[in-house]
Amino acid sequence: MALSETDTASGNQNSFVYVVAGLAALNGLLFGFDTGVISGAMLYIKDTFDITMLFGQSIHPSLVEGVIVSGAMVGAIVGAALGGRLADRLGRRRLILIGAVVFFVGSLIMAIAPTTEVLIVGRILDGVGVGFASVVGPLYISEIAPPKIRGSLVALNQLTITSGILIAYIVNYAFSSGGEWRWMLGLGMVPAAILFIGMLFMPESPRWLYEHGDEETARDVLSRIRTEGQIDAELREITETIQSETGGLRDLFQPWIVPMLVVGSGLAIFQQVTGINAVMYYAPRILESTGFGDTNSILATVAIGVVNVIMTAVAVALIDRTGRRPLLLTGLAGMTATLGIAGLVYYLPGLSGGLGVLATGSLMLYVAFFAIGLGPAFWLLISEIYPMEVRGIAMGVVTVLNWAANLLVSLTFLRLVDIISESGTFWLYGILSLIALVFCYRLVPETKGRSLEEIEADLRNTAIGTDPGETDRTDAVQTDD
Ligand code: BGC
């Protein structure tokens, strides 16, 4: 076998890989902070601006509120749509730098916005930065990482997403007494500045360099993140997989790539329609109806944020040992069960006291199961399963789907609760989790311990029928550890 037995970078190389991945994972911090901060800020923005008017027209305030909140998701859809292409054209590192600048400017504009309209522009820009970050963060880390620890390193990005959400919850809490929403939103400039300055000192992805004809620099970078013996083998593998200078949208629909397009799109949509962001965005509201007061539900929300971070850390520690599939499937089974229980608890009359605690407990467990599986596994798998020639664009496309589904859930959640009640909504998410479980069981490949080039070679072989396990996707990209 190729790299998997010789690929543990030792000594200096290994620590430098951790530095590069850790820094690039700050992309996730922007993402998470942006996700978590708005619910807190929104409470006070309403006191500063007249949100019944937009561009001189009188508009329903909840619509204006919706535009402010979801403006970032619309921006992220645009950012992800452009991000894949730009990552292939400009390089991974340059796009991370651009994303950090866009996010910084967006946060600054929000912090000093004189009107609702300017605030919305800032929020959309922020979202574009997050859209770039969500594509290029995992992509860059997966290309820098040695196969043996790639899972943990890419999952670091999910750890920083969850940390960003938690930090935002805490920031909201800290600034809530004075209602200082400008500080809440403006603080996003801090991680953006750290990411920008740090990335100035980080190398470009050797795979991208090599594909763009700069073998010398690619070798140079590899010499800092691999041991001597691994460099030639890795470059040989990369050469074998570089077929042509392509990477257009049409190339995604080549028959051998389509199965992975289905897998990535399915994971992207299921990651959202199983309801995680209903909890992330609306937790205080959901918990209030269990009999918690205002402060307690905010504290319980912080506790949910903590559970999310801790269980993601567990996934980071496990994912290269257990593989992706066991965590993903366990997580989905757990999500299905806990959503079923949450729905039942909300269905019973008299939701306070013991039942209220049970409701909160089941939601926390639901988040824990998401954090151990679908949360990190989605971002990791989509950075692994696509061939080099379309990796950027394919990740861009599925990330757009992920943001679009995110927008759909956040726009429909409250309406769904009105129509089918909380229990109906949780059961709906539960049924979707069950469908996701079957989908992942049948279609998602195991990528543990394989080099990106081996994964790609398996994909080609499977498509042309030379792989004995060709009909079984779980074997097609199986580890041989
Ligand atoms: C999802 C986000 C979600 C977060 C929660 C990420 O993997 O893509 O939409 O808010 O996890 O931890």
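Cβ atoms are placed via backbone N, Cα and C, with glycine included.
Here the structure is a predicted model, which means the values were calculated and not measured.
The annotation transmembrane segment is assigned in TrEMBL to 16-43 (among others). Long-range contacts of the transmembrane segment (16-43) within the same chain: residues 9, 65, 68-69, 72, 96, 99-100, 103, 123, 126-127, 129-130, 133-134, 136-137, 140-141, 144-146, 149, 153-154, 156-169, 171-173, 175-176, 179, 181, 184-185, 187-188, 191-192, 194-195, 198-199, 202-203, 224-225, 277, 280-282, 284, 305, each at least 6 residues beyond the stretch ends and with a Cβ under 8 Å from a Cβ of the stretch.
For the domain 'Major facilitator superfamily (MFS) profile' (20-448), the predicted model reports an average pLDDT of 91. TrEMBL lists 20-448 with the feature domain 'Major facilitator superfamily (MFS) profile'.
The transmembrane segment annotation in TrEMBL covers 63-83 (among others).
Beyond the transmembrane segment (95-114), the same-chain residues lying 6 or more positions past its ends with a Cβ under 8 Å from any Cβ of the stretch are 24, 27, 30, 34, 75, 79, 83, 86-87, 121-130, 132-133, 136-137, 140, 182-183, 185-189, 192-193, 195-196, 199-200. Residues or ranges marked as transmembrane segment by TrEMBL: 95-114 (among others).
The transmembrane segment annotation in TrEMBL covers 120-141 (among others).
Feature annotation from TrEMBL assigns transmembrane segment to 153-175 (among others).
Per TrEMBL, transmembrane segment is recorded for 181-202 (among others). For the transmembrane segment (181-202), the residues of the chain that approach it from at least six positions outside its boundaries are 20, 23-24, 26-27, 29-30, 33-34, 37, 40-45, 48, 93, 96-97, 100-101, 103-104, 106-108, 110-112, 122, 126, 129, 164, 168, 171-172, 175, judged by C-beta separation under 8 angstroms.
Here TrEMBL flags 256-283 (among others) as transmembrane segment. Using a Cβ-Cβ cut-off under 8 Å and counting only residues 6 or more beyond its ends in the same chain, the transmembrane segment (256-283) has close neighbours at 35-36, 38-39, 69, 165, 297, 300-301, 304, 332, 335, 339, 363, 366-367, 370, 374-375, 377-378, 381-382, 385-387, 390, 394-395, 397-399, 401-402, 405-406, 408-410, 413-414, 425-426, 429, 432-433, 435-436, 439-440, 443-445, 459-460, 462-464, 473.
Under the heading transmembrane segment, TrEMBL lists 298-319 (among others).
The transmembrane segment feature in TrEMBL is assigned to 326-348 (among others).
A Cβ distance under 8 Å defines the sequence-distant neighbours of the transmembrane segment (354-381), meaning residues of its chain 6+ beyond its ends; these are 134, 138, 142, 150-151, 154-155, 157-159, 161-162, 263-264, 267-268, 270-271, 274, 276, 279, 283, 286-287, 290-292, 300, 303-304, 307-312, 314-316, 318-319, 324, 327-335, 338-339, 341-342, 345-346, 348, 402, 436, 444, 447. Feature annotation from TrEMBL assigns transmembrane segment to 354-381 (among others).
Only residues 6 or more beyond the boundaries of the transmembrane segment (393-414), in the same chain, are considered here, and those with a CB under 8 A from a CB of the stretch are 66, 69-70, 73-74, 76-77, 80-85, 87-88, 131, 134-135, 138-139, 247-249, 251-252, 257, 260-261, 264-265, 267-269, 271-273, 275, 277-278, 281-282, 378, 382-383, 386, 425. What TrEMBL lists as transmembrane segment is 393-414 (among others).
The transmembrane segment annotation in TrEMBL covers 426-444 (among others).
Among residues of the same chain six or more beyond the transmembrane segment (63-83), those with a C-beta under 8 A of the stretch's C-beta atoms are 34, 38-39, 42, 45-46, 51-54, 95, 99, 102, 106, 116, 119-120, 123-136, 281, 392, 396, 399-400, 402-404, 406-407, 410-411.
Remote same-chain residues near the transmembrane segment (298-319) are listed as 36, 151-152, 155-156, 158-159, 162-163, 165-166, 169-170, 172-173, 176, 279, 283-284, 287, 292, 327, 360, 363-364, 367-373, 375-377, 380, 448 (criterion: CB distance under 8 Å, separation of at least six residues from the stretch ends). With a cut-off of 8 Å between Cβ atoms, the residues of this chain six or more beyond the transmembrane segment (120-141) that come close are 20-21, 24-25, 27-28, 30-31, 34, 38, 67-68, 71-84, 86-87, 92-93, 95-96, 98-111, 113, 150, 153-154, 156-157, 185, 188, 192, 205, 379-380, 382-383, 391-392, 395-396, 399, 402-403.
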